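*Asks:* Questions regarding the structure given below will be posed in turn.
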Amino acid sequence: MVKHQPLQVYERQLCLSCLTGIYGCRWKRYQRSHDDSSKWECSWFFLLCCSFLLLLVWSYFWLELLFLLLLFLCIIFIFNYYFIYNLLLYFYFFFQILALCHIALGQQLNLYWIHKIVVLAILLSTITGVVSIDDFWQDEWDIVIISLQFTGPFLHIGALAAVTALGWVIANQVVRMERSRLQVVTLVIYVSILLVLYLVPLFISSTCIMDRSKLGARPAVIGRRGAPMLAPEHTIMSFSKALQQKVTALEADVTISLDGVPFLMRDRTLRRTTNVDKLFPARQDHDASFFNWTEIRSLNAGLWFLRDDPYWTVQYMSEKDRNRTANQTVCSLAELLRLAARTNRSVIFSLRRPPPQHPRHQLWVSDALKVIQRSSILPEQVMWTPDWYRKKVRAAVPLLQQTSDEKLPVAELKERGISTLTLHYSQARAQDISRQFSGSNVSVNVYPVNEPWLYSLMWCSGVQSVSSDAPHILKKVPNPIWIMSADEYGLIWITSDLISVATVIGIFIFQKWKMSGMRSYNPEQIMLSAVVRQPSRDVSLMKEKLIFSEISNGVGSTDELSVYTGNGLDAYARDDIMMPARHASKL
């Protein structure tokens, strides 16, 4: 009578079951395979990788756009979309990790069909979003390039670490492959990516890589429309809050009323920041300049802030501030100049010309000059921005500081008497600031600068001042977030490259040694190892391959399987194997 090795307890592979179950809905042991993945499944893996990278770049853009708060009317829209794309990014990242684990464990890729539909839908929606944003906010792509000047050195180290870690999966695949063209192509592509990452720092240009001795003075902060995150924009309360944050100047947008009174208003209409829809519902879409000053003064300019809470700051306001906010009115230019004169602050404003049918269409500059001349502020504390009738303005008030929002050659700036440039952050290049403007005594003011990282970048670029909607945030930045010399960065670069090279070489050597040990097994050794109480993972893997190869060839019975498996199967595993075994025997 033949005595077989008794079946022993089989340790379930729960992690592997979850891995293949979540990725491809293959929860049963007999559904898994160590065969090579089909070209179709490899194509889906490639699509998954490309979608993940696209969504990663897309989320990075949304993050920078959200931080800058450039689009006041669309800030809630931006935040919601950023949150959604973050969830999608986590979804892609999760399945990316699952796919890489499949490859590392030698499991066949087989993405579930529902997951394929989701991946394809997300990819199409992302591409649609990119095209839509490019149509509406094409200029805002500059923020990605500018932010890379600040985050580039750190993103490089992160990418290098990720690709180095990916070497474990690449090495596992390369050493498992037989000598073939695919093995060479895979290795060449991986090494090429590594070489590119090793040399990327040669092309990274950041203004924060500089000697600390060359760092200029801290840029002055100008309250752009006051402090609109703390109080309703363009109100006395907003400018008072900005003064509490130690701003050096106040910036405003000026419009001329129907009866020639300059007042502060950013939008073309009064609908967003006042209750014009309740007092003058039939005229709520009319241009703000077609209201006289009495009508404008009767509007409430603070309730909208409490209702909409555009910057999520209302919850931090005291009861006193909320009551004060609820009673704010539209501010005139004369009130702003009085406040600046009383606190010894400068004022910079842009002046919007009324429409052609407006009665003050030809007198708008004169209206603004009269208010300046009648106020108690010193002329040199007023920065005049409009290019219209600049010679007339210089003749009327010679001591006004002439500023421009147009980037012109230094010679032309001198000819026009312009001493300050007010530029968008995308136009403020460190080379122009240091070489052209600073050497010609032309100061540069950059707007809008709301985040510490952008403020640090502008500081290292050498700008003299920044216009900010968030002076309370920039107040907490006493130094640039990071600054290092070229020698320090070079040391970090070379050290990280050497560590990466050593790690990759070590991974390939280990995987080669590990695979050479697995290839030394043969069926006889596996059968003899059945008496071992705790077989190694490699022996168990070879046992599984041997069992399934016997089943697929239609040889062997259930009794013979018990001899091969030794201590590898229990009653649960036997059921999974017997089913395909009976099917194979019938064939």
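Heads up, the Cβ atoms here are built off N, Cα and C, so glycines get one too.
Got these off TrEMBL a minute ago, pasting:
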| type | residues | note |
| --- | --- | --- |
| DOMAIN | 219-478 | domain 'GP-PDE' |
| TRANSMEM | 43-61 | transmembrane segment |
| TRANSMEM | 66-83 | transmembrane segment |
| TRANSMEM | 89-105 | transmembrane segment |
| TRANSMEM | 117-137 | transmembrane segment |
| TRANSMEM | 143-170 | transmembrane segment |
| TRANSMEM | 182-204 | transmembrane segment |
| TRANSMEM | 490-510 | transmembrane segment |
*Asks:* Cβ under 8 Å to the transmembrane segment (490-510), counting only same-chain residues 6 or more beyond its ends: which ones?
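*Replies:* For the transmembrane segment (490-510), the sequence-distant neighbours (Cβ-Cβ under 8 Å, at least 6 residues beyond its ends) are 153, 157, 160-161, 163-164, 167-168, 171, 174-175, 194, 197-198, 201, 484.
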*Asks:* Go through the chain and flag residues at least 6 beyond the ends of the transmembrane segment (143-170) whose CB is under 8 A from any CB in it; none is fine as an answer.
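*Replies:* Contacts of the transmembrane segment (143-170) (Cβ under 8 Å, skipping residues fewer than 6 from its ends): 57, 60-61, 64-65, 68, 100, 103-104, 186-187, 190, 193-194, 197-198, 200-201, 204-209, 425-426, 453-454, 456-457, 489, 492, 496-497, 500, 503-504, 507-508, 511.
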*Asks:* Can you tell me which parts of the same chain pack against the transmembrane segment (89-105), counting only residues 6+ beyond its ends and a CB-CB cutoff under 8 A?
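*Replies:* Contacts of the transmembrane segment (89-105) (Cβ under 8 Å, skipping residues fewer than 6 from its ends): 16, 19-20, 22-23, 45, 48-49, 51-52, 55-56, 59, 111, 115, 118-119, 122, 166, 168-169, 172-173.
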*Asks:* Mean pLDDT for the domain 'GP-PDE' (219-478), rounded to an integer?
*Replies:* 91
